[in-house]
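K.L.:
Before we start, here is the structure in question, set down as structure tokens.
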Amino acid sequence: MGYITLPRRLFLWCMALIYMVAFVSLYLQIPGLYGNDGLLPARWQLRYSGKALWEQLLSSPTLLWLAPRLGLDTQTAMELLCLLGAALSLAATVLESLRDSLVFLFLWIVYLSMYQVGQVFLYFQWDSLLLETGFLCVLIAPVTSLRGWRAGREHNPVTFWLVRWLLFRLMFASGIVKLTSRCPTWWGLTALTYHYETQCIPTPLAWFAHQLPVWWHKLSVVATFTIEIAAPFLFLSPLRRLRLGAFYMQVVLQVLIILSGNYNFFNLLTLTMCLSLLDDEHIYFWLRKKYTPNPNQGSSLWWAGFVVEIAVWALIGFGTVTWFDLQINWDKWTVSSRTVFTFHQFNQFLKTVTFPSVWLGVLSLTWELVSSMFRCACVEGFFKRFLGTVQWTVFGAAAVSMFAISLVPFTFIEYDSNASVWPGVRRGYDAVSRYQLVNSYGLFRRMTGVGGRPEVVIEGSMDKVTWTEIEFMYKPGNLSAPPSVITPHQPRLDWQMWFAALGTHTHSPWFTSLIYRLLQGKTDVIELIQSDVSQYPFHQQPPTYLRAHRYKYWFTKTLADGSYPQRWWRRVYIEEFYPTVYLGDTFLESMLSQHGLKDKSLPRRVSEAAVPQVVKGGGCSRKEYRMSRRGFSPPSLSFITPTSLVSSSHAMLGCLEDTRTLIEASQ
């Protein structure tokens with residue numbers, strides 16, 4: 001593989017940007033989700049039992065244990081950490097010198113601190129993926145603060161291979177679990193006929209994609225299996241053209257997902273990981289600049305590599321046509337497809353390839369280690385060569401260690417392979433599992449909403465006679481409201497409402513807390529539903545009664561004459577989801593007690609010291625920001641825009657400057 005200096009720098013820039021987006025998105029939702037009057041107050045997760053600080057950090061690694069020592073309550077400490085994380089990641093986005101290993105270590109620690117108390121609202125696979133990728137940044141980024149600007153050029157690149165391995169695990173597992181789940185829609189290749197309308201928060205383009213013919217949806221599922229199961233093996237190939245082909249296949253898939261669904265920063269993070277498949281030569285090709293190749297690069301056997309590449313692409317094409325029985329109907333200009341293998345055959349295939357894929361990873365990592373060692377040996381000067389060898393030893397050991405412990409979650413996809421993992425590796429994984437260094441993945445395991453998209457609609461009333469629906473900003477509700485475009489923001493309450501609709505309210509204990517807070521009229525929670533509180537139907541006075549019903553939603557269809565309907569959705573009433581309750585209601589009180597949602601302790605009083613007061617000032621900035629949006633943004637649009645992100649970032653930097661000034665004044 002050629003030099004990877006530019007892809008690594010671009011990767012670190014993208015990671016800083018994604019960190020900023022994640023922190024800003026979470027910061028805006030902290031009061032409603034984790035505040036003292038929020039749905040799941042974070043202070044409930046921190047039990048101050050009198051243990052030493054070190055013991056508390058070991059039991060639950062989060063910086064929030066330091067809040068009492070700073071005179072902060074848990075909510076204020078979370079806001080402070082998010083502000084620091086967002087400001088530092090913004091600075092790292094602007095200044096390359098701050099894309100430093102120590103900076104990324106701080107960002108990782110801050111996000112891990114949020115994750116530890118985030119409960120169900122932060123337990124998404126992309127949060128785990130951000131933590132794992134973020135930790136890899138600590139190994140990939142140079143320590144420029146200690147070694148100067150040249151550190152970026154001299155930093156050993158072997159750890160960058162770990163991003164490729166993570167990308168392989170993510171994509172391969174995501175393809176495998178679709179078939180191991182035995183979901184009939186994936187096996188019947190009909191999953192995408194439901195996906196566009198049943199995903200959590202579709203975009204307007206999802207409505208148009210849903211109108212495409214069934215044969216196209218089935219062919220798209222075949223392409224998805226090829227991209228997610230076959231193509232990932234090319235990530236580990238030493239042949240650059242195979243990796244480039246796999247790169248563009250992943251880009252097409254991720255861009256199509258971004259256009260048709262709102263999956264926050266997840267697809268952007270996956271695209272960022274795909275940069276590990278590139279080299280400097282291809283980046284220069286993008287920039288239309290002349291590239292001077294490495295004199296040691298290339299081989300007289302280039303033709304052998306070309307033959308291997310042609311054979312690999314032919315094998316993938318032949319396998320796809322054979323396993324899915326692709327046939328072209330020239331009369332109708334359609335392509336028919338069906339799954340011709342059985343679950344038993346697929347299970348045997350999985351047993352056959354899982355452990356060999358581990359050894360393929362070993363060979364690929366070995367290739368990277370040897371190549372990196374060769375580069376160290378070619379450096380002129382004994383001292384530089386010695387330092388390069390020491391650096392190669394350290395980062396090589398780190399890469400081998402991370403690869404080894406990742407085998408445990410990777411082999412979760414196949415029981416026998418997982419049972420064969422060496423005990424020492426399993427003990428190592430158990431020792432670090434709480435830090436989310438490596439995780440298991442598997443997206444879209446089963447297709448939900450086959451009989452219609454379940455949706456929970458909350459209604460409020462003052463007299464128990466006239467009921468008014470409470471409309472959320474992003475999730476489907478109003479039949480005439482177009483779907484939203486909110487990427488990269490993640491409205492975490494809207495997402496959990498989607499999961500809640502799949503079961504009963506007892507499976508989502510936080511829903512009882514939502515009902516309780518709305519009956520109390522808590523503004524922080526209301527702002528999760530409508531950032532412009534004036535759009536909330538009970539903004540002047542909380543409702544006396546609340547209830548919730550379950551509906552099934554479907555996208556409308558184009559009319560017979562080819563014109564578009566006036567509404568985006570149609571729905572049918574299914575059943576009661578939550579009974580009518582009021583403050584003091586026996587059922588509501590029993591649910592609050594059953595789920596442990598009663599206030600267990602009084603919130604810690606915010607100190608009058610400098611740091612707490614400045615963070616409170618930051619909270620005012622957030623409220624001013626929300627007030628500025630009132631009466632401006634329609635339900636179909638996001639209040640997260642590039643302009644608002646920059647405005648929020650400026651407010652954060654101002655808060656940090658005020659903090660520094662007040663601290664200096666207090667000293």
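Glycine too: its Cβ is placed from the backbone N, Cα and C atoms.
TrEMBL: automatically predicted annotations, no manual curation.
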K.L.:
What range among 150-172, 265-287 does TrEMBL record as transmembrane segment?
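P.N.:
So the range that TrEMBL calls transmembrane segment is 265-287.
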K.L.:
Output the single range from 129-146, 215-235, 299-324, 390-413 maximising the number of Cβ pairs under 8 Å to the transmembrane segment (265-287).
P.N.:
129-146
K.L.:
Six or more residues out from either end of the transmembrane segment (299-324), which same-chain residues have a Cβ under 8 Å from its Cβ atoms?
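P.N.:
Counting only partners 6 or more residues beyond its ends, the transmembrane segment (299-324) has Cβ contacts under 8 Å with 189, 222, 225-226, 230-231, 234, 237, 239, 241-242, 245, 337-341.
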